[in-house]
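Worksheet: one structure, shown below.
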Amino acid sequence: MYNKNNNNNNIIDDNDYDDDDDDYNYYNNNNYDYNENLISKDTKKQKDLEKEPLSKSIAFISIGTLTLLYVIVELGAALYVGSLTLLSDGFHNLSDVVSLVIAWWAQKAAKRDSDNFMSYGWARAEILGGLTNGCFLLSMSLYVALEAIPRFIRPEPMESGLIFMIVAGSGLAINILGTIVFACTGMSHAHSHGGGGHSHGGGGGHSHGAEKEKKKEKHGHSHDGADKEKKKEKHGHGHSHSTATTAVGINSEEHNHDDHDHHDHSEESHGHSHGGEKKKEKKHGHSHSHGGGAAEGININDEHDHDHEGHHDHSEENHGHSHGGSEKKKEKHGHGHSHDGGVEKKKEKHGHSHDGVEKKKKKKKSSGTCLGMDLNMFGVFLHFLGDAISSLFVLITGAVIHFTHGKWTEYIDPAVSLIIVIMIAATSAPLVKRCSMILLQKVPDDIDLDSIRYKIAKVEGVVSQHDLHVWQLVDGMTIASVHVGIEQGREFQSIASKLRKIFHKEGIHSTSIQPEFLPINSFTGGATSDPNFCIQNCVDDCEEEWCCKKSADRIRMRNFNSKNSNIVDINDI
């Protein structure tokens with residue numbers, strides 16, 4: 001036993017996963033390669049995206065041209081009346097034109113294929129565009145703020161409020177149009193680079209299984225030797241059962257039931273009782289997905305994960321489940337069930353995932369922006385939203401100057417300029433920060449590295465791990481790499497499959513797992529005792545280039561301080 005926590009409760013087995021991921025089950029049960037299907041999904045998505053850039057190009061060109069014409073008019077008016085507010089708004093709109101050009105280029109560049117010079121392609125062009133847009137806004141805000149402060153010391157009288165109103169009104173209309181266009185364009189074409197996820201709500205689950213031999217019933221049913229002569233009652237539940245009848249063959253059944261009361265099953269079958277057993281019952285919407293391996297040779301140990309409101313009834317090898325069995329009236333519930341019933345001679349365990357009554361599963365943060373746009377489009381959207389608000393303030397400023405008189409009106413222009421600057425900076429700073437964190441390859445906020453390390457350590461055959469890195473290529477596309485120490489003699493492919501499941505459940509679909517087959521330490525009787533032991537470094541020649549050089553430094557120091565008989569020399573391994 002080389003793993004310190006090597007016992008039944010701490011070792012991850014293939015069947016320790018809830019298998020509530022429909023995509024993974026579908027590909028796994030049908031002998032498909034999951035990663036290849038993810039690639040095919042991304043390829044299809046890429047082809048769909050290639051058909052869409054026309055609308056974005058039209059939006060960029062039309063709004064950009066209109067904005068450029070307006071900037072020329074606004075800057076001319078600002079110089080004519082000597083207004084800092086109009087000047088700042090004009091420069092703001094000019095930065096919009098520049099940002100539109102950058103964003104348009106980023107959209108085009110992001111669709112280029114990878115080559116020998118850009119192995120990832122130009123995917124990060126959108127991030128670069130969003131960062132540039134944010135920096136333009138922040139620099140413009142700083143410039144206007146520096147210009148506005150002297151105006152409070154030496155205020156200048158303002159006239160021609162009517163010109164303010166005409167110019168600001170035109171700008172407000174253009175910016176509102178741009179905001180709507182890019183909000184709609186960005187949301188309708190938004191995409192996530194995660195590998196095709198699904199969202200399942202209560203009562204609306206689905207099941208991927210073999211399409212052959214599907215049967216539809218409108219009454220009771222039995223599984224794998226259940227008594228067919230039992231009384232069949234109407235049900236009000238939608239069930240999708242995918243039962244593996246042999247090690248390879250798959251038999252799928254679909255049942256539609258009305259006013260479901262109970263299921264009765266014989267030995268080694270699955271009995272379920274949904275609904276109250278004592279008094280009145282309200283409607284329940286259930287969606288079930290059952291996958292049961294019925295071949296005698298199958299040995300599956302799925303852990304229990306029950307989140308039921310009510311109780312369970314179990315007897316010998318026949319498992320009866322009562323979901324939501326309260327003593328009085330029942331509330332409406334929507335349940336999504338995923339059952340993977342592997343039949344063993346004396347033990348059966350079920351994995352349940354319930355959406356509805358008290359869903360306790362942790363929800364992950366969405367990786368996109370609040371409107372579902374990529375960061376590049378979100379930057380353009382922020383530009384026009386900020387412009388629309390600033391144009392509104394300019395319009396108010398013009399109205400105040402035109403309809404009121406007094407010494408205090410001289411402070412309106414610089415005051416409004418500072419308000420606009422604060423609003424623009426408040427919306428731009430988070431965009432710059434987010435783009436910067438992606439370029440700095442920060443770990444995404446919804447990823448817990450300690451949790452991943454813990455799960456990796458539980459995998460049977462893994463004795464050490466180090467250099468775990470998780471980062472984002474673009475917003476929504478997370479990548480990971482890790483070095484794992486494996487006992488000599490272990491099959492790497494099976495261990496890698498378990499590790500990929502761990503990353504997959506964390507929303508990481510692009511992983512690089514580097515195995516390190518560790519030697520047996522004759523002095524300890526097990527694998528090397530250093531959990532950070534790394535044998536992939538060439539200690540002598542490329543000390544500054546190691547990806548895990550800290551580990552090798554510890555090995556060097558241990559070798560230096562050890563007796564000759566205990567030296568661990570990487571080059572001798």
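Cβ atoms here come from the backbone N, Cα and C positions, even for glycine.
Going by the topological domain names that Swiss-Prot assigns, SER119 and LYS407 belong to different sides of the membrane.
The largest share of C-beta pairs under 8 angstroms with the transmembrane segment (412-432) comes from 126-146, of the ranges 58-78, 86-106, 126-146, 162-182, 381-401.
The transmembrane segment (381-401) shares the most Cβ pairs under 8 Å with 162-182, out of the stretches 86-106, 126-146, 162-182. Distant neighbours of the topological domain 'Extracellular' (402-411): 151-152, 155-158, 161-162, 164-165; these residues of the same chain sit at least 6 beyond its ends, with a Cβ under 8 Å from one of its Cβ atoms. Residues 80-84, 87-88, 398-403, 409-415, 417-418, 421 of the same chain sit 6 or more residues outside the topological domain 'Extracellular' (147-161) yet have a Cβ under 8 Å from a Cβ within it.
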